[in-house]
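Participant: Structure in structure tokens, see below.
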Amino acid sequence: MEIRGALLLRKRQVLILFVLLGLSQARPESVTYSVAEETEIGSLVANLARDLGLGVEELSSREARVVFDDNEKHLHLDLLTGDLLINDKLDREELCDSTEPCVMHFQMVLENPLQFFQAELHIKDINDHSPTFLDNEIVIKISESTTIGTTFLMESAQDLDVGSNSLQNYTVSPNSHFYIKIQDSDDGKIYPELVLHRALDHEEEPELILTLVALDGGNPPRSGTTLVLIKVLDINDNAPEFPQRLYEVQILENAPVGSWIITVSAKDLDAGNYGKILYTFFHASEDIRKTFEINPVSGEVHLRSQLDFEVVQSYTINIQATDGGGLSEECTLLVKVIDTNDNPPEVIISSITKIIPENAAETLVALFSVRDQDAGENGRIICSIQDDLPFFLKPTFKNFFTLVSDKALDREERAEYNITITVTDMGTPRLKTEHNITVLVSDVNDNAPAFTQTSYTLWVRENNSPALHIGSVSATDTDAGANAQVTYSLLPPPDPHLPLASLVSINPDNGHLFALTSLDYEALRAFEFRVGAADRGSPALSSQALVRVLVEDANDNAPFVLYPLQNASAPCTELVPRAAEPGYLVTKVVAVDGDAGQNAWLSYQLLKATEPGLFGVWAHNGEVRTARLLSERDAPKQRLVVLVKDNGEPPLSASVTLHVLLVDGFSQPYLPPPEAEAA
């Protein structure tokens, strides 16, 4: 295959013409392939990976694809093998009409990095069309006085094939009057001419019917036929004459059907029927006959169907003027179609990325091409997007653009962008096309969870039930999806002796804190620890908060009497002289309470006494004093029961028994306790 180089220049403007200059991403080499038309779908054209020196894995990883200039998918690139395959039946005549060679230009596009390879597909003609005559019968009027050797132009056959498969020869059925002579034209086509070989005689044979055969050069050759009806006329010695051989007109492509184009006129010096002229199209293709019509009497040419500059820019029409005697003259009408701005620009998306990560800078969002089928200023295009978006357009190769983000995006600031690609031509009036692209910004784990408070203080009443919910911590994450799913955990305490795992637990999903055991204020009045909140991103992000747990006291300890001792082997006996004055301090009951606050506020009262009114107990300090003077009638042995009560709710209490001996003087021998006497 043939490789030819072409130097591509770099151009960085958004304002483009239909023919754009290639950028540095395009490789200068152009690869040429050829394939016969009508080749079966799936047939191998070539191995594109090998021809371009690329690995098969590179084709897949770089999202290789084939883009034709007409945006049709004529070829398919197998990314697994690198084979370039026929994707649809290629009809050379449909794609290129009579143009030879038939060349389809395409590019191979690679991404990451963006790279273009130019290529051409030559479609070889096969002999799949027979020559055809547009008329089933050709009528030629020939004067009997016509001299031998006179030639008569014949209507040519049409053959859509090209090259050796195109029309190559004409023959005529055997007869004694005519033979066929082949004429070459400037456009490379051949036309048959009927040559008079023997003089005609109207009286002997007024009509002749011949068969004209058109042959192509295929193998085997194809053929087409038409009947030639020759009417032998009486003598007519003046042919029509046009004042000029070439007529040129211009007409807008949007001219309405039926519009008058031109009137051609020829003159014939003969009189009567020989001077009457009929106008016809000569050597006209089917397309010309469908597009234009001529009045056979007046020579007025009118538009028969709508013109389209983008399909055909000019028509060359041969007009024949024939008089009543069969003599004719030809002229040429050149109709130039003037372009109007009737085609809006087109946006053709080759690839698009609708979701991009928020932390990626200069990310390729879309690869697209623009085109306008109009010409001149009508086909010159301006391409743009909105100014207030963090994206920009970058011209690449020919009429291709890339839409790229110009900085890293922030999903938490904006999660969606609606981008409108606007292409406007420079015609009058200007036409524009808009293409909308919605880009979603995917989340990246760039935000750590944040607690609602830096520290939390929780109060728990002691003697709580296990698994009691004592409070909650809460953290939020502004990311999305798994990046925003928060998991809570207990962090190792700074004090290694604190058994945190046996004291509290945390629900990892909602941050609820639970007391695992019953807390005892008297053993542990407060403790603190840290909790962590981590998201489920990769890598995970986390934060911490301090939690203080304060244990509230409950009235769960009764007062305890330190003095007098209640567990001694013998009770303690207090001695009081009978001469004691009122208010004499007999003893003092000493008690403590393990609780705190008002639960530990103690009060004392005399619950029982042998002699009521003889002794009294001070409520706040537990002092036992005489309330009056002692008399001889007072029993020497007194037994007192003192009640010690705290201020809790409900209050708890303890009692203590005092033994008091009334003595006349401290020199008296010690009396045994009542229990000993009883013994």
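Every residue gets a Cβ built from N, Cα and C, even glycine.
Pulled these features from TrEMBL for this protein:
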type   : residues : note
SIGNAL : 1-26     : signal peptide
DOMAIN : 27-133   : domain 'Cadherin'
DOMAIN : 134-242  : domain 'Cadherin'
DOMAIN : 243-347  : domain 'Cadherin'
DOMAIN : 356-451  : domain 'Cadherin'
DOMAIN : 452-561  : domain 'Cadherin'
DOMAIN : 576-676  : domain 'Cadherin'
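What's the neighbourhood like for these features in this structure?
Facilitator: On the 0 to 100 pLDDT scale, the model's mean across the domain 'Cadherin' (27-133) is 86.
Within the domain 'Cadherin' (243-347), the DSSP-based counts of helix, strand and coil residues read 10 helix, 48 strand, 47 coil.
In the domain 'Cadherin' (452-561), helix, strand and coil residues by DSSP number 8 helix, 47 strand, 55 coil.
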Participant: Please list, for the domain 'Cadherin' (27-133), how many residues fall into helix, strand and coil according to DSSP.
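Facilitator: So the counts come to 16 helix, 45 strand, 46 coil.
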